[in-house]
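Novice: Here TrEMBL flags 449-479 as coiled coil. TrEMBL lists 429-440 with the feature compositional bias 'Low complexity'. Annotation comment: TrEMBL describes 5-69 as domain 'DUF1899'. Residues annotated as region 'Disordered' in TrEMBL: 429-448. Positions annotated as repeat 'WD' by TrEMBL: 78-112, 128-170.
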Amino acid sequence: MSFRKVVRQSKFRHVFGQPVKNDQCYEDIRVSRVTWDSTFCAVNPKFLAVIVEASGGGAFLVLPLSKTGRIDKAYPTVCGHTGPVLDIDWCPHNDEVIASGSEDCTVMVWQIPENGLASPLTEPVVVLEGHTKRVGIVTWHPTARNVLLSAGCDNVVLIWNVGTAEELYRLDGLHPDLIYNVSWNHNGSLFCSACKDKSVRIIDPRRGTLVAERERAHEGARPMRAIFLADGKVFTTGFSRMSERQLALWDPNLEEPMALQELDSSNGALLPFYDPDTSVVYVCGKGDSSIRYFEITDEPPYIHFLNTFTSKEPQRGMGSMPKRGLEVSKCEIARFYKLHERKCEPIVMTVPRKSDLFQDDLYPDTAGPEAALEAEEWVSGQDANPILISLREAYVPSKQRDLKVSRRNVLSDSRPAVAPSSARLGASTSAVATHTTAPSGSLAGAGEAGKLEEVMQELRALRALVKEQGERIGRLEEQLGRVENGDA
């Protein structure tokens with residue numbers, strides 16, 4: 001394997017990975033042995049979810065991130081499926097909602113209690129039935145609330161409105177063979193898929209049309225992966241005809257690869273994880289004991305090898321923490337949750353910096369948990385980029401709203417009708433709503449009004465002071481950056 005020997009300037013050249021100490025791992029987890037090329041792990045800033053072995057059905061563990069150490073065998077699981085769970089995905093707009101796909105041909109959506117599970121969870125908020133074979137892929141829409149995509153071994157892609165428990169789109173003629181993976185683009189207007197027929201496709205789900213297709217993207221017969229990058233390009237992993245593992249970068253038309261690199265001749269499927277804020281792709285091979293990372297740039301050769309994190313134990317699966325769950329003060333740019341046979345080990349990726357000030361160049365504004373669109377707006381043809389948040393201040397999320405499901409006729413403009421309790425989907429029956437608290441009462445008397453005015457004046461003075469200090473810190477950081485770079 002040959003990489004360019006010329007030293008290229010990059011702030012990610014010295015990124016290093018470090019496993020956490022043993023007492024911060026999650027021990028004694030019986031990771032699922034099912035033969036499916038899923039990550040088996042999903043993580044968000046509140047919870048870690050891992051698909052586990054279960055007798056007589058399918059189950060996955062949901063642990064608060066703080067619950068490290070040995071996990072009791074009797075720890076409650078999410079166990080409503082009648083067949084093994086194949087894929088799980090946390091909702092990007094609600095840290096307490098997770099979707100799961102299973103061999104029992106159903107997709108289930110679960111609401112996790114705020115402090116984690118105290119007893120086994122067997123009742124999903126909603127059951128989505130539409131596939132005729134096992135469901136191996138579930139992935140949420142990046143910007144529209146309650147829109148979920150599922151793909152099954154029946155070669156059908158279904159898009160659901162979870163808020164009304166209805167099927168929005170059925171795409172059943174576009175994939176002639178097993179779908180390996182599906183990835184939404186930045187604003188959720190398109191998705192790309194990798195298929196067993198060796199083709200990579202870009203699909204418009206609302207029109208049900210093929211936007212672009214590349215046959216024989218990778219010549220090998222083993223599983224491929226395709227993910228959308230922020231600028232519309234597509235990054236793929238696969239195998240050559242000689243069973244060597246490959247990475248490739250494609251323009252949005254999927255005509256010729258802009259870059260193609262061969263890695264090695266191992267046989268585990270390569271799972272790519274992409275960070276749109278830093279344009280770094282992390283590649284983890286199933287059964288490997290390493291994580292390779294590459295920077296994607298606009299100049300040839302486009303895919304620049306950065307480094308490799310290696311450990312002794314092979315990985316069964318891998319989860320990736322969203323950017324808003326990272327420790328900004330430690331210059332952490334990624335965190336992975338590596339599954340061993342009996343445990344889950346967090347691995348922290350850090351950019352070494354001498355300064356302990358906030359690093360603007362490492363942390364541009366990133367996608368926050370607020371949805372940019374409602375499901376109905378997306379269906380009507382609207383698109384929106386993710387709503388961005390700054391990581392400079394410790395971010396405090398708004399109160400999570402419970403996922404509730406109403407059965408209603410989307411064609412009518414009337415208020416959502418409440419479903420009978422014996423509805424087929426067995427879902428909750430009130431419309432999705434944000435719970436807001438009314439003011440407890442109005443202020444009485446001029447004295448109280450005067451006090452309020454006093455408080456408001458103090459608040460305004462405090463705001464002005466904070467703004468002034470922020471500007472001062474910005475100037476100092478700029479001066480420090482010039483000193484470190486030798487410009488001053």
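Including glycine, each Cβ sits where the backbone N, Cα and C put it.
Could you give the neighbours, burial and distances for every feature on this list?
Specialist: The average pLDDT computed over the repeat 'WD' (78-112) stands at 96.
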Novice: Run through the repeat 'WD' (78-112) and tell me, per DSSP, how many residues are helix, strand and coil.
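Specialist: In the repeat 'WD' (78-112), the DSSP-based counts are 0 helix, 22 strand, 13 coil.
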Novice: Using a Cβ-Cβ cut-off of under 8 Å, list the residues of the same chain that are 6+ residues beyond the ends of the repeat 'WD' (78-112) and lie near it.
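Specialist: For the repeat 'WD' (78-112), the list is 32, 34, 36, 38-39, 41-47, 49, 51, 54, 57-62, 120-129, 131-140, 142, 145, 148, 150, 152, 160, 162, 322, 367, 369-371, 397, 400-403.
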Novice: List, by number or range, the same-chain residues at least 6 past the repeat 'WD' (128-170) whose CB is under 8 A from its CB atoms?
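Specialist: Same-chain residues near the repeat 'WD' (128-170) but 6 or more away: 36, 38, 83, 86-93, 99-109, 176-179, 181-184, 186-188, 191, 193, 203, 205-206, 208, 367, 371-379, 383-387, 403-408, 410, 416, 424-425, 427, 431-432.
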Novice: Using DSSP, break the domain 'DUF1899' (5-69) down into helix, strand and coil residues and give each count.
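Specialist: Within the domain 'DUF1899' (5-69) the tally stands at 3 helix, 24 strand, 38 coil.
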